Amino acid sequence: MSVVVTRYRGGGPQYMNASSTSPKPVVGEPSIRTHALHALAYCERLFYLEEVEELRVADAAVFAGRRLHVQLQEEGEHVELELASEALGLHGRVDAVKTREGTLVVYEHKRGRHAPGGDAPEAWPSDRLQAGAYALLVEERFPGAPVECRVRYHQTDTTVRFPLDAALRGAVVAAVARARLLRASRERPPVTQEERKCAKCSLAPVCLPEEERQVVGEERPRLFPEDDVRQVLHVATPGTRVGRAAEELVVTPPEGEGAPSRQPGRMVSALIAHGAVQVSAQALAYCVENDIGVHWFTSGGRYLGGLGGGAGNVHRRLRQFEALRQASVCLGLARRLVAAKLEGQLRFLLRASRGDSESRQVLASAVRDLRALLPKCEEAPSLEVLLGLEGAGAARYFGALPYLQGEDVDTRLRFEGRNRRPPRDRFNAVLGFLFGLVHREVEAAIRAVGLDVAFGFYHQPRGTAGPLGLDVMELFRVPLADMPLVASVNRRAWDADADFEVTSEHVWLSKAGRAKAIELYERRKRETWKNNVLGYSLSYARLVELEVRLLEKEWTGKPGLFATFRLR
């Protein structure tokens, strides 16, 4: 049979020595995908992430497997047959079953190499298990006929043949039983000890095996990707419509403002609608189906919310709720979060070398005060005390921030204190807009990981903003908003007249100003930065997702890496 090959995996012999040959009936329990047994034999953690937590990542091997599938269909190799067995507890799609001298031959196509053998090529244990499961389904569907398994390895142009014997039957039954047990558990299996498997696994960026091993002080190769090649699509012109045409998103501006543009869906990671932008139902459905987040902002830059497929299994959120109901867990995470935020502010102020003696004195005083707050964070007895420390740090930081601006900056763009809702000066108008983009970035990462934004560990519920989003966002205010904004103002990148709409009560970004702020933010996100703890470089966009995944590891794996990165 030729099943869609989603990635190359070797396999271990976990289920190949089982002796049971007669499965117990499965009543009222969902059956197991036959293809999932391949993942189970390769790595139990991989099976759990894909089948229980519903996390799947399409990498180059996935697309290569799909191309093989399409090629075989075009060549007439596929005759698809849907099979399911309540007795076996399995279901799957058989692509090719052929008759050879009275024997039903089940074919399995793999794009990679066969396993090394003695005198003849051998099938990998995970491939044997998968083919055996399909053979059992075929045997039940066509009783009486003998069944044989064949696995075709296209890279080496070899076919491995083996019978559906008692050992293989028992291995399939044992694997199904193990799969049911894992599916009923709330706990992820541990990271595999066979490290070579992680390098070839598409879910390594989700599993983070090398980061988990690093907690115990081991040196490991970097598996988390440096950047996401896809782009965020911002639509900010009022009256613009976003639709779908085949595999593309079509952006149609208002009449008289240009021709429609097309964006290949595979190259879009998120669609962001600013203000009065219409998104069709077809485009929304396409985005959800293809894991493209859709997010809405007001025209003034306030983040309203988002829609995304993400990972939908309840086990991940149950673990989150159980962990964050513990006051000690919340306090420990909050201590590290506030310390990381204060140290980020401190390090930004330390970068300043400009200014007269007064500026240097103000900056030095703020740095001393921020340093004095750091050890207090580690000893804070409650969240309320931490809030006070954070507030004291913010007062010293924002009091010193004007001294990071150059002397030749337009006075209308000078920072004279934090204000918002609505912003009353140009600097705060841009800063608030950037904070909204950071908030969106963080909430999108939280949804992608499968956590609940409404259940945090530090901030209390208020308004429509999810506490967990506000928690994680604290790590990124300085690097993704404060630093690029101050630098752009010092470069005189802003037009105090054309980029803003000023009234007696508030200041908003104009259309040109919004476009400039979006470009500033997206450019900053693409910049790479070397993580001081993990020791590898990645973009700021990937850093946001990494921090959320490291947060989840605080209660699902090896804790200790969340909120440990620091600015240089």
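Residue 1 is the first one shown; counting continues down the chain.
Glycine too: its Cβ is placed from the backbone N, Cα and C atoms.
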Recorded [4Fe-4S] cluster site member, picked from Cys43, Cys377, that accompanies Cys198, Cys201, Cys207 in Swiss-Prot: Cys43
Extra residues within 8 Å (Cβ to Cβ centroid of Glu390, His459, Glu474), Mn(2+) 2: Ala334, Leu337, Val338, Lys341, Leu387, Tyr458, Leu470, Asp471
Cβ-centroid neighbours of [4Fe-4S] cluster site Cys43, Cys198, Cys201, Cys207, 8 Å, sequence order: Arg45, Leu46, Val191, Thr192, Lys197, Leu203, Ala204, Pro209
Assigned element (helix, strand, coil) containing Cys207 ([4Fe-4S] cluster binding site), judged by DSSP: helix
Candidates Cys43, Glu108, Cys198, Cys207 (binding-site residues) - the one closest to His459 (Mn(2+) 2 binding site) by CA: Cys207
Confidence summary (mean pLDDT) of the region 'CRISPR-associated exonuclease Cas4' (1-209): 76
Candidate nearest Glu108 (Mn(2+) 1 binding site) in space, where candidates are the binding-site residues Cys198, Cys201, Cys207, Glu390, Glu474 and distance is Cα-Cα: Cys201
For the binding-site residues Glu108, Glu390, Glu474, the one whose C-beta sees the most other C-beta atoms within 10 angstroms: Glu108
Pairwise CA distance, Cys43 ([4Fe-4S] cluster binding site) versus Glu474 (Mn(2+) 2 binding site), rounded so that it is a whole Å: 36
